[in-house]
């Protein structure tokens, strides 16, 4: 069984009720943080997961709303890990991830220096190992495997999605993307697909062109549902709602998805949890 928790279902626009884009996937004793939107560690704390307890951080792409809290994750995982010889925190992402991590650690350079000077048991900077992928196997530990495939969020490139499998259960996390063959293949037969969605019917009515531009490289609710249908997934989990879903509007979004997908559809606020079991 895999457990999905929508830590942050928001967007680049700050929302008092929604943290930035981030999803937690738990597979047995392993915990994977997929993207690091603002407020993610507070949301993770609400479900009993601390930064030092993460098995790896998976980044779908390097847009600011998906990495806004990366620095906090790196520093907090370091200062709250009291092991004598802590293992490096794996960061898995597309090309460019190593540069972003290096720049983030440099930005926190003064803080890192202060802590090393103050605490005798902190003698080195945060131990991090970065792995960059565009496709193929990315993880195989203790019965959990992760596979990567490219997505299409152009002009943001490269971008990737993840397929996590454990004990016969599988979940795919698409990140921001328009429909594409590589995502269909990655998600083929998965038990669950976590997909970011926007309401293009609403966004196109907003006068500012910069806002309308987001329709170019995100999937609508119906497009995400059609991807789920083509891939033959069991459950569609929607997240990263643009615009934010208002109180009582969940069924509108669910109904739109149901025009393209007849399976289970999950629409939830932050901390919404979905158990994923292998389909028999």
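Residue numbers in this text run from 1 along the chain shown.
Cβ coordinates are placed from backbone N, Cα and C, and glycine is handled just like the others.
Annotation source Swiss-Prot lists active site, proton acceptor at 65. When secondary structure is read from DSSP and collapsed to three states, residue 65 (active site, proton acceptor) falls in the helix class.
Counting only same-chain residues six or more apart in sequence, the Cβ atoms lying under 8 angstroms from the Cβ of residue 63 (Zn(2+) 1 binding site) belong to 12, 153, 156, 176. Taken from Swiss-Prot, the feature Zn(2+) 1 binding site covers 61, 63, 153, 176.
For residue 65 (active site, proton acceptor), the number of other Cβ atoms no farther than 10 Å from its own Cβ, over all displayed protein chains, is 22. Taken from Swiss-Prot, the feature Zn(2+) 2 binding site applies to 65, 66, 176, 240.
Same-chain residues that are not part of 65, 66, 176, 240 yet have a Cβ within 8 Å of the Cβ center of the Zn(2+) 2 site turn out to be 11, 12, 20, 21, 35, 37, 60, 61, 63, 175, 196. Same-chain residues at least 6 positions away in sequence with a Cβ under 8 Å from that of residue 61 (Zn(2+) 1 binding site) are, in sequence order, 93, 94, 151, 153, 156, 158, 159, 160, 175, 176. Summary of the Zn(2+) 1 site environment: with the site residues 61, 63, 153, 176 set aside, the chain residues having Cβ atoms within 8 Å of the Cβ mean position are 60, 62, 66, 151, 156, 159, 175, 177, 217. If you take the C-beta of residue 66 (Zn(2+) 2 binding site) and look for same-chain residues 6 or more apart in sequence within under 8 angstroms, you find 20, 21, 22, 35, 36, 37, 59, 60, 175, 176.
Taken residue by residue with DSSP, residue 176 (Zn(2+) 1 binding site) is part of neither helix nor strand, so it is coil. Sequence-distant neighbours of residue 240 (Zn(2+) 2 binding site) (same chain, 6+ apart, CB under 8 A from its CB) are 9, 10, 11, 21, 176, 196, 197, 198.
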